[in-house]
Amino acid sequence: MPKPNPRHPNYPIPGGDVLRAKGWRQEALLRLLENVLSVGEDPDNLIVYAALGKAARNWAAHRAIVKALTDMDEDQTLVIQSGKPVGLLKTHAKAPLVIMANCNIVGQWAKAEVFYELQRKGLICWGGLTAGAWQYIGSQGVIQGTYEIFMRIAEKRFDGSLAGRFILTAGLGGMGGAQPLAGRMAGAAILCVDIDPARAAARKAVGYLEHVASDLDTALAMIDEAVKAKRATSIGLVGNAAEIYPEIARRGIVPDIVTDQTSAHDLVYGYVPKGMNLDQVKGLRDDGQGQLMAASRASIVEHVSAMLEFQERGSEVFDNGNLIRTQAREGGVANAFDIPIFTEAYLRPLFARAIGPFRWMALSGEESDIARIDDLVMDMFPDNKIVTNWIRLARENVPFEGLPARIAWLGHGERTELALAVNKLVASGEIKGPIAFSRDHLDAGAMAHPNIMTERMKDGSDAIADWPLLDAMLLCSSMADLVVVHSGGGGYAGYMTSCGVTLVADGTEAATERLSHALTNDTSLGVIRYADAGYDESFDEIEEKQIGYVRIGNT
Ligand code: NAD
């Protein structure tokens, strides 16, 4: 039975053992589509997260997708073009059930203004990364990533602990909403600024954010008190980051860590310029795009200038993947890229081993299925400290949103082993229903994003988008259930290409084959991508795990 959804009552959380589709694979994808809306930011407009990331092009397309998933046989493939189903074709039972291409615009045309025009004509939509691929699981999807960044900074700068440390950030939206909980789990006192009171209230309601302060003075006093007591806490503040950051700097306060996760990538549908309220911004989205873009960029200039000032005074400042430095540089902040990107600064050695955000969703809707897999992970990987520490913390601290789900940073071999073990538990009935696996698009072989994922690669291959395309073809050849190629939309147009994949462990022998090939090949390509760029960790991984890398040279 579906479960009620207090945040969005019209979008119940899927679950139960009654199938509407002809098999569990199809039913799984249908439930994942329902799930991204149940945990999304604005489901009535099909918007899931990241300002404009949509689950489907429009409601007619959505209805057609639901009908196709419900009616289709296992030997058919549903073809989706930017959120609109365009073909239901006969393939074979080992082929993907769904393939998608989302928002891929030819190079010279891949610009925000062209995207908005194509969107206005109803020809395209942006799928975010995980929205259009029906893989989004709410703020919990990035929570370990955000936590690991904070812990890497703790190791690098603060003797391994963030107790008594002040993190300043902004953005309490779909992904940014993970920050207060990740900061608190890392032991810090974190202040999160958001212009929209409804977003702060939503994070508080689900337990990701502890308090919402009435004004800046109160917020800073609460942070000060927690820092002195070395007590972890999360404080929300309703305000514009382009005003609050400079004001904190003006008062001479130097946070230990500063970042930002507003939707700065999109100057029209994401970032809210200083001096405007949300209604004014909405009013300008159709007819005042130029004005809005200029105003957003001017505010981002002030926002990033304050971040640079904090950096100069000693804060650890980083870009958390929202293109804010790029927007600021285009607005004239020549040194915006003095701020490092989180991938290069803290996580690249993990990506070089294809360790990244891997996730699983209990299609039964039962939390006990996730609890059983938590135990399994602890048993299977006792020596993997990142993962065991995370599972312990997540069990205690991370409330479920939508379908019960878990994310953990696992690498090559580990993902396959876990998925196969889970498939056996599904087969034996120890787990109540099938489990879907996916991973973030921000994964070793899956993303080309020269200002985020692949910035300053060792060999200068930052902008080469062959890797995600190869990944997608490899995953189709490896029998994955859903494969997607996404490129950036809105402000991300022209900035990125990524590949996503979903697999369903339904307890069958066929699932064993799919999981084994697809998950192993996906991370193999990730390791190969980094080996090709010259990372030593990747060569170690290739040796240790016998990955089929083709070396060219004098060997
Ligand atoms: P979202 O659109 O759901 O939320 C953005 C939030 O920013 C909203 O709550 C909005 O009110 C707030 N905001 C906008 N302008 C503001 C301003 N001037 N001052 C204060 N608050 C402001 O977006 P999201 O899903 O939370 O994603 C945020 C950004 O992070 C996006 O750019 C997204 O692409 C990026 N992202 C990064 C990663 C990563 O791995 N690092 C992952 C996912 C998303």
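All residue numbers here begin at 1 and follow the chain in the order shown.
Backbone N, Cα and C define each Cβ position, glycine as well.
TrEMBL annotations:
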type    : residues                                                   : note
DOMAIN  : 17-134                                                     : domain 'Urocanase N-terminal'
DOMAIN  : 138-346                                                    : domain 'Urocanase Rossmann-like'
BINDING : 174-176, Asp194, Arg199, 240-241, 261-265, 271-272, Gly490 : NAD(+) binding site
DOMAIN  : 349-543                                                    : domain 'Urocanase C-terminal'
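Confidence over the domain 'Urocanase C-terminal' (349-543), given as mean pLDDT on the 0 to 100 scale, stands at 97. In the three-state DSSP assignment, the secondary structure recorded for Gly174 (NAD(+) binding site) is coil. In sequence order, Ala170, Gly171, Gly173, Gly176, Asp194, Ala241, Gly270, Tyr271, Val272, Asn322, Ile324 constitute the residues six or more apart from Thr262 (NAD(+) binding site) in its chain with CB-CB distances below 8 Å. Cβ packing within 10 Å was compared across the binding-site residues Gly174, Gly176, Gly490, and the lowest neighbour count falls to Gly490.
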